[in-house]
Amino acid sequence: MSRTFSILKPDATRRNITGAVNAVIEAAGLRIVAQKRVHFTKAQAERFYGVHKERPFFGELVEQMTAAPVVVQVLEGENAVAKYREVLGATNPEQAAEGTVRKLFALSIGENTAHGSDSDENAAIEIAQFFSEAEIVG
Ligand code: IDP
């Protein structure tokens with residue numbers, strides 16, 4: 001068993017589809033072992049996506065991530081990081097496979113409904129930004 005970090009992004013909370021996304025996550029065999037709703041500050045969004053700060057879309061990304069609340073989650077399962085990336089589909093919904101979260105729900109490459117960590121190391125770092133061990137109940 002391993003863990004990954006997930007964010008249901010503002011486009012999901014705005015459209016009230018977080019339950020629909022969770023249903024896809026759970027149907028894929030991932031377990032939601034921690035979850036809370038938070039409204040990112042600009043500083044939180046800039047920190048979270050710091051790796052992209054030189055990219056042309058950074059300003060837009062920070063704006064989108066702070067425009068409405070998000071749901072931060074810890075997901076548990078076998079190979080959780082890779083499994084959840086598969087469940088999410090490609091970053092650009094036009095390239096996402098059938099049945100994936102982004103194919104089903106994403107509005108655009110920026111407003112693409114959910115985030116999933118890209119490595120076990122980043123998953124641990126991202127989880128620790130939002131959850132204490134006591135809040136994660138497997
Ligand atoms: P990922 O979320 O699939 O791991 P990354 O390349 O790490 O994709 O990009 C992080 C986030 O930045 C994406 O999920 C998306 O919201 C946003 N993003 C990535 N590329 C673009 C772009 O070309 N235009 C606008 N937003 C983008």
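Here the Cβ of each residue, glycine as well, is placed from N, Cα and C on the backbone.
Here the structure is a predicted model, which means the values were calculated and not measured.
The number of other Cβ atoms within 10 Å of the Cβ belonging to HIS115 (active site, pros-phosphohistidine intermediate), over all protein chains shown, comes to 22. Reduced to three states, the DSSP call for HIS115 (active site, pros-phosphohistidine intermediate) is strand. Here TrEMBL flags HIS115 as active site, pros-phosphohistidine intermediate.
Annotation source TrEMBL lists ATP binding site at LYS9, PHE57, ARG85, THR91, ARG102, ASN112. Cβ neighbours within 10 Å of LYS9 (ATP binding site), excluding its own Cβ and spanning all shown chains: 27. According to DSSP, LYS9 (ATP binding site) sits in a coil region rather than a helix or strand.
Annotation comment: TrEMBL describes 1-138 as domain 'Nucleoside diphosphate kinase-like'. In the predicted model, the domain 'Nucleoside diphosphate kinase-like' (1-138) shows an average pLDDT of 98.
In the structure as shown, the Cβ atom of THR91 (ATP binding site) sits within 10 Å of 14 other Cβ atoms.
In sequence order, LYS9, ARG85, THR91 are the binding-site residues from LYS9, PHE57, ARG85, THR91 with a C-alpha within 10 Å of the C-alpha of HIS115 (active site, pros-phosphohistidine intermediate).
Proximity of the recorded positions LYS9, PHE57, ARG85, HIS115 to ligand 1, judged by a Cβ distance under 6 angstroms to any of its atoms, singles out PHE57, HIS115 in sequence order.
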